[in-house]
Amino acid sequence: MAAGSQQNASGFIIQGFSDTPELHISLFVLFLGIYLIILLGNLIIFLVISCNPHLHTPMYIFLLNLSLIDISFPSTVLPNLLHILLTQQNNISFLGCMTQIYIFVALASSEFFLLTAMAYDRYVAICDPLHYIARMSRKHCAGLITAAFTGGFGGAVSLFVLLPKLSYCASHLINHFFCDVTPLLKLSCSSTFSVELSIYIEMTLLTFNSFLLTLTSYIFIVSAIL
């Protein structure tokens, strides 16, 4: 394990688009444009909802938080990718890699939970409108948002704990344009069973439960409309 820790401290190299250096400037412009469009679109949503008291209803509060996630989500990957494309400095520290993975997975999970909460909000509004104000009060709305972020960031902790325990004594070249779990596991020369099992269980529970709850909400909504 000591040898593994020593290797971990050296960090990794992001392969990215290093095989096509002639495309770096074009890719930089492309990804920068995509990033600015994402930021601008979600920032407009955030400001419009924040500045208009008439939009401070549960659905729009959910959209406000969703816009924050959609700003933060690409911001964990694209700024570093743009830096690599512009400077060809594709090194990343071990801690930086682990942090990027944790935030990426946490935000993705939080978005799943938040979309499920939004589906529940629409279910209550359409199927039980008389009790909507009581069931979707500010307190309940804040509780659902808190639960979404807590579930997302809490569920990702296991990766942040398990990944550093692996020994990375193979090549430190990550075959991706950012630190992701799958290409990182391929660099490990120790058993990855515990990490893969944890990922499988968490992703199954996350996607299945979120999908089931969302599907159930919309089944009731469609039934109420018909």
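Note that Cβ sites are derived from N, Cα and C of the backbone, with glycine treated the same way.
TrEMBL lists 41-226 with the feature domain 'G-protein coupled receptors family 1 profile'.
According to TrEMBL, the transmembrane segment annotation covers 25-49 (among others).
According to TrEMBL, the transmembrane segment annotation covers 61-81 (among others).
Beyond the ends of the transmembrane segment (101-120), by six or more residues, the same chain brings 59, 62-63, 65-66, 69-70, 72-73, 76-77, 144-145, 147-149, 151-153, 155-157, 159-160, 163, 178-181, 184, 206-207, 209-210, 213-214, 217-218 to within a C-beta distance below 8 angstroms of the stretch. Annotation comment: TrEMBL describes 101-120 (among others) as transmembrane segment.
What TrEMBL lists as transmembrane segment is 141-163 (among others).
With a cut-off of 8 Å between Cβ atoms, the residues of this chain six or more beyond the transmembrane segment (197-221) that come close are 109, 112-113, 115-116, 119-120, 122-123, 126-127, 155, 158-159, 162, 181. According to TrEMBL, the transmembrane segment annotation covers 197-221 (among others).
For the domain 'G-protein coupled receptors family 1 profile' (41-226), the predicted model reports an average pLDDT of 90. Outside the transmembrane segment (141-163), and at least 6 residues removed from its termini, the chain residues within Cβ reach (under 8 Å) are 58, 61-62, 65, 98, 101-102, 105-114, 116-117, 120-121, 181, 184, 194-195, 198-199, 202, 206.
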